[in-house]
Structures are given as structure tokens and as C-alpha cells.
Amino acid sequence: MGKNVVVLGSQWGDEGKGKIVDLLTEKASAVARFQGGHNAGHTLVVDGKTTILHLIPSGILREGVTCFIGNGVVLAPDALLKEMKNLEDNNVPVRERLRISPNCPLIMPYHVALDQAREAKRGSGKIGTTGRGIGPAYEDKVARRAIKLADLFRDDLEEKLRNLIEYHNFQLTQYYKVEAIDFDETLKLCQEWKEAIRGMVTDVTEDLNQLRLAGKNLMFEGAQGTLLDIDHGTYPFVTSSSVTAGGVSTGTGIGPLYLDYVLGITKAYTTRVGSGPFPTELFDDVGAHLAKVGHEFGATTGRARRCGWFDAEALRRAVVLNSMSGICLTKLDVLDGLEELLIGVGYNLPETECAGAHDAEFYESVTPKYETLQGWSESTVGITNYDELPENAKKYIKRIEVLIGCPIDIISTGPDREETIVLRDPYDA
């Protein structure tokens, strides 16, 4: 029988998931996205060529791999078609290999307008959204009024759309004081999307389960990271979907008992984009060094990422939340040359704080407890054999394993798919 592997972020996103999905799909027949939208930014480097994907699964660069977008994803058809064209212009066949669930809620122009209007009104209290309509689209889904991909093919689309635009335009014009969304233009867009996407719509749940029954290896690709999960993240500075392994089942229709291995992608230090608490954040030369050497700029927004020491306590919780089988430690090479490395091993918690909340106020109130390890002067760039790593790098890796209670199975030593140490392959585990 085949194996079903989940690959997801264990921090605040930007951990390097795209590269690892691309690497592991050598043994996979299909890759499925199960949550999020085009707010994701997965960077892949193959033979020195960089590709950034926002919506299409990272397995698209592997010949013969079928890519699925599950029902848990909020779909922006215009962004999808643009991404498809970019890939096809680079001789990557997409249309015949991409399959999309008809149950995906659509991101409409009014969602984008609402997202941007809300952030502008928050002023200094911004959550730090990408402004791409993700949150408002999920709101419509939960409120049971979303227009889903299937609705584009139904006779009552015009009536549904008219009612929704009337509803959202009231907020846009009366509360946010911005321009209304035009009904005719939006309806025309829907008609164009219908024709462009028609051939890719399929029952993703059925297709994935048929592949499973046929003994094929499947991969489920997460977006963002565990600490941005709508339920378990630093609320309200979170995304609007279920980012954890639990989201795989609800977002694709694959039952939880069919998931064989959960791989948590983790940077060798910690980063965060936008607003929100960050206990181990650095504001000194070391933080600037990590940002410069690690090229820490968001693939989706281009925003500079905040950098800090490795937070083992936050990762330990992510391991538990996702029942992680193993960790992939990325960007180890960024730490080359640092004399000392600090690891956050726990938090000092004020007596007034609500223990166990793990929301934004909780993380804002804590101060990290640190443990200091010696760094290494040798370069780890491109190393593919664990035994060739500097001794202090090995000690750093082993200490993290002890602190989080989970093995580090893969180590990334550079951006290219080949610059990787695989200690245990998830498909062979």
C-alpha cells in the first residue's frame, strides 16, 4: 500500500515547505492543498531556477504528479489563471494535471475590497493580512452564503451574486466609505472563470480516495504555519483556516486514520511576517544578520520578515497539536558563522495571565527562557551527508530533538532541492 504524508509549517509560516514538498514528490503520485488561498507563497529552486507558487500545489514541477486543490481552499480564479499562465509560459504543463474541488468557496472582488478596507480602518492595530480577501471569503463560507466553484455552473448564480453584492456593498459604502462593487462586471468575471476552469473541476475527495485504494503515495501540502492556525494560533493575529494536520481531513475528505506521517517544516531560527507577538524576536545585529543571510522577505507580500532565536517551546506545542512524526529543519546554513546560538526553552509567565490561552495576549505577556549553545564557523551550505556537518551543528540539532520530543528527519542546507540531508524519508518510515 502507498503512504499518505502531510507536510505543514510548524511556526509562523515561511518555513520552506515548497522546497520540501517538491523534493518529496519524487515518490508521490499526487499532491493536494487543503486550506488557505493565494496568501501562501511557496518558493522552489530547481537547478538554480526559482519558481514561486501561491495557489497551485508545489508538486506541479514534478512530471507526472497530479495536483489537487481541495474544498478547504478559498479559490481566487483570477490568481489561479495568472499562476497557470506563468507556469505554462515556462513549459510546465498545468491544465491536464490540475484538479479542483467544486466545493471551493470563491474569493470575489468584494472580499478583496472588504479585506483592504478593514485593514485601513484598523490603523495602528492592523492584523497584517495580505489584503487578498482570504478572511472575508472564509467568513462567507462559515455564514453559509459563499459562492462556491460549483455555483458558476448553476442557473441561480445571478440571483445569488446579486444578493451578495447588495449585502457587501452596504458595508463597503455605508461603513467603510469606499466604492461599491459593480454587479455586471463581477457577473462577467464569473462567466469568464467558468469557461477557463471548466475542464479542471472534479470530485477531489473521490479521486484522492481512489488513488489511495490503488496503493499510490499521496502528499498533503499545508500553507502558512501552526502558530497562525485560526484555533490554535496567536489569535487574532492568525489566518482564517485550519492550518494543522486536522485540516487535511476537513479540507480534502481524506479520513484522519488514512494519514500515515506528518512532517513539520521548521526553520533553524524563527521568523514572522507582519503584526503579532513574537517572544524570541531579535532587534540587534544578529537579527539583521539572519534577515540578510536568510533573504527574509515574504514570497507573497515582499514584506521583510522579523527574525529571532529558535523557539523550542512553541515548536513543542506544534508537535503535539499536529501529532508530528518528524521534523524537517530548514535554513541551517543561515546560522553558519555565529559564535553563540540561543534556544528559547520555555517562558516566564506573569501570574495575571490566563495559563493555556496561547493567544496573542498570552504570547505578548511572556518572556523567553534561553539556553546558550556554541555556534560553528564552518560552512554547512550544500552538505548532503549528516556526518559532514560541524560537531556543534550536530549538537544544536540533537538538543532541539530533545526539547521538542520529536526526531529531525530532514535537514535543509540550501535553497535547491538537492541541498538536503535526508535521515529518514517519510515514504519509507
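Glycine is treated like the rest: Cβ placed from N, Cα and C.
Following the DSSP three-state reduction, the secondary structure of ASP14 (active site, proton acceptor) is coil. Residues or ranges marked as active site, proton acceptor in Swiss-Prot: ASP14.
DSSP assigns HIS42 (active site, proton donor) to a strand. Look at Swiss-Prot and you will find HIS42 tagged as active site, proton donor, backed by sequence analysis.
Cβ-based neighbour count (10 Å, all protein chains) for ASP14 (active site, proton acceptor) stands at 27. The feature GTP binding site is assigned by Swiss-Prot to 13-19, 41-43, ARG305, 331-333, 412-414, with sequence analysis given as support.
Feature annotation from Swiss-Prot assigns IMP binding site to ASP14, GLU15, GLY16, LYS17, ASN39, ALA40, GLY41, HIS42, THR130, ARG144, GLN224, THR239, ARG303.
The Mg(2+) binding site annotation in Swiss-Prot covers ASP14, GLY41, and the record cites sequence analysis as its basis.
Close to GLY302 (substrate binding site) in the fold, though at least 6 residues off in sequence, lies no residue with a CB less than 8 Å from its CB. Taken from Swiss-Prot, the feature substrate binding site applies to ALA299, THR300, THR301, GLY302, ARG303, ALA304, ARG305.
Annotated pair THR130 (IMP binding site) and ALA304 (substrate binding site), C-alpha to C-alpha distance, rounded: 13 Å. Within 10 Å (C-alpha to C-alpha) of LYS19 (GTP binding site) lie the following recorded positions from HIS42, GLN224, ARG303, ALA304, ARG305: HIS42. Take ASP14, GLU15, GLY16, LYS17, ASN39, ALA40, GLY41, HIS42, THR130, ARG144, GLN224, THR239, ARG303, the residues named in the record as contacts for IMP: the widest Cα to Cα gap among them comes to 34 Å. The closest partner of GLY13 (GTP binding site) among the recorded positions, by CA position, is GLN224; the full candidate set was GLY41, HIS42, GLN224, ARG305.
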